[in-house]
Amino acid sequence: MLKETMWQAIGSGFLMQMGIIMSLGMQNLYVIKKGIRKEYPFWVALTCVACEVILVVLGVVGAGALLKLAPGMEGYLMVAAAGFLLVYGGRSLYQAIWGEKVALENPVNDRPATLVGSILAAIGFSLLNPQAIFESIIFFGGMAPKFGESAPYFLVGAVMASFVWLFSLASVTTFAIPQQPSRKTMRILEATSGGILMTIGVGLIV
């Protein structure tokens, strides 16, 4: 009976998190972009998974309730997220429109992307992501108590879903896309990415 409950909790966590994380948000978009450019995509995916673990754990241990008790935190979060998205989105649009060399090895000001820079950006897209925070923390914070002693297994299922999805994105975009996308392709990618991020950022503050 305990084993059955354990697998039910794992399955529920996996399916629920998969349903949440599969939507095309800024985190997924960043992983796709890094995969196409071959810029440390698996390190980026691993960083995003680690951030998802943090958010889900916070939800399971009760941070969702804390956010509800301190609604003022929501405003600060929105401002920080909007600023991050507007800066990053604006940079992408600049590269798409005016960048002289939008190519794999030159994503920002014609300088190669660094591992540290890629990881820091992944952390920003994951932890300064209001949608992810409110979905992961509040949703999982509300769902976990329903599983009682099996809540840790519910968490395991959610983490498994994050790992499977993000590493699948990284793998597909890394190995299924040509090694040298054309300049036009990269401009389209930058413009699409920048437009989406700027739209989300503006939406957070208006």
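Numbering starts at 1 and runs along the chain as it is shown here.
The backbone N, Cα and C atoms fix where each Cβ goes, glycine too.
As given in TrEMBL:
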- 6-30: transmembrane segment (TRANSMEM)
- 42-63: transmembrane segment (TRANSMEM)
- 75-94: transmembrane segment (TRANSMEM)
- 115-141: transmembrane segment (TRANSMEM)
- 153-176: transmembrane segment (TRANSMEM)
- 188-205: transmembrane segment (TRANSMEM)
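Across 6-30, 153-176, 188-205, stretch 188-205 shows the highest tally of CB pairs under 8 A with the transmembrane segment (75-94). Nonlocal intrachain contacts for the transmembrane segment (6-30), taken as residues 6+ away from its ends with a CB within less than 8 angstroms of a stretch CB, comprise 44, 48, 52, 56, 85, 121-122, 125-126, 129, 131-132, 135-136, 139-140, 143, 147, 150-151, 153-162, 164-166, 169, 193, 196-197, 200.
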